[in-house]
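Student: My questions all concern the structure below.
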């Protein structure tokens, strides 16, 4: 999860988030090079008194500064479209988890198992145990297996919500009357936190999401204890 004064992205816990982090660095480097070049040109204009009349009205210069931005946009657009299609790719899921947004808590249902559903509320600050995170802990965590394709079905029963876990690169809107789908595949176990990222009302900031990702063996043991 994020830590105080963090400037970068959270450590990636899924292949999609790794690709998003690489694309972020790729785009940031392009922006850095453009900004450096523009700053260099501005500094030259402010520090020299010479005027090159041959470059003030040159067809070649106009051609270059028209084509070069288009080439740069292509270098940004191609990897962006690639990741966009990867995020929307639908694979055969090993597990399906249905998520419903409410004012202001989440409901989860493991559709592959009968009667396995529960609500997840934020833990009140006065009930937190030592080491737990304020405004991020919940009374019922979502337990999922690692290294398996998981289908998330996201919807809402009242207003707009958004089911978001930054470390997994997942952000899916929960819309009343509409069923959105997202695919999860995590690369390592751990506990990952998220929050509703849609302004959904007075308690919008009190809808945390906690995923506990464990190996398949431990997930099966958790299932037996819940069923």
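Glycine is no exception: its Cβ is also placed from the backbone N, Cα and C atoms.
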Student: For the record in TrEMBL, which of the ranges 66-85, 86-105 is the transmembrane segment one?
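Tutor: Based on what TrEMBL states, transmembrane segment spans 66-85.
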Student: With TrEMBL as the source, which of 7-26, 27-46 is set down as transmembrane segment?
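Tutor: Going through 7-26, 27-46 one by one, TrEMBL gives transmembrane segment for 27-46.
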